[in-house]
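Below: the structure, in structure tokens.
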Amino acid sequence: MEISVFGGGAWGRALAFAFGEKNEVKIISRRDLNEPLKKLNDALISKGSAPIEQVDLETGLKASLYVVAISVQHLREWFQNASLPKNAKVLIASKGIEVLNKAFVSEIAKDFIEPNHLCFLAGPSFAAEIIQGLPCALVIHSNNQALALEFANKTPSFIRAYAQQDIIGGEIAGAYKNVIAIAGGVCDGLKLGNSAKASLLSRGLVEMQRFGAFFGGKTETFLGLSGAGDLFLTANSILSRNYRVGLGLAQNKPLEVVLEELGEVAEGVKTTNAIVEIAKKYGIYTPIASELALLLKGKSVLESMNDLIRRA
């Protein structure tokens, strides 16, 4: 089976490596991936698998399955330019909310791909661990369970992929946990202790579920891998970009400096503002996201965390 992965960042390369164990994988990216792919291809070849090949867009569109790992803020433009077939089978691995239109990923994608041909990847995982072949469990959300299982069956031996419905719950959980992860990084950076951190994450999970339920997300999704699992991973590890943003803010660094030092996209920053605006529009109570938005705009980190712990 031939699979095309769109997106040459760390996440896109990790997914190309993962799917490469059982499948012929092409990767499409503007950047030259010759050097980043070398080690991954050596590992694949040692397993008897075919190496990942970087190809142009025209060649990439000839695959049977598509995996999209493009930053959410650029996803709509990417779909417009890529011109995927309307009936393409697509697994979207991007997590976040489009700030410009306050749109969820599924709302963006359905303008370009038949809804029954869409799947969304969720659950706790880091690119750095996937390329090491470390075990993890993920969820593929789709209204088309046959397609979700088709993608699940293409995953490697070290990934346990579950097929579930509840697209909206899965994508909101994946986006919202990045917001809570920033707050988790701040909490640890200020050395507020394990009790405060546990309170923050517990209330953060409740907040995620409350927001998701408004749009039809199911409670069990937020209590499973897509919600609690991804939250507890992302809010507790230095491998998380959003967690590292929180650590930087705890050092009283301006957000611009933190992001410059990070050198990578931390979706939680823009997702925070999108969530707060959506919550205001619909009257959803989101104390952690609301307080974090103030912190990102320059509020004192100590004052912000004190207010957050009291309100959450």
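Glycine is treated like the rest: Cβ placed from N, Cα and C.
What you see is a predicted model, and the numbers here were worked out from it, not measured in a lab.
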Residue from Lys95, Lys102, Lys154 that Swiss-Prot also lists as binding sn-glycerol 3-phosphate with Gly123, Ser125, Lys177, Asp230, Ser240, Arg241, Asn242: Lys95
Among Asp230, Glu267, the one of these binding-site residues whose Cβ has the fewest neighbouring Cβ atoms within 10 Å: Glu267
Distance [Cα-Cα, Å, rounded] between Lys95 (NADPH binding site) and Asp230 (sn-glycerol 3-phosphate binding site): 11
Under 8 Å by Cβ from Val265 (NADPH binding site), counting only residues of that chain that are 6 or more apart: Gly9, Ser71, Arg241
Coarse DSSP state, helix versus strand versus coil, of Val265 (NADPH binding site): coil
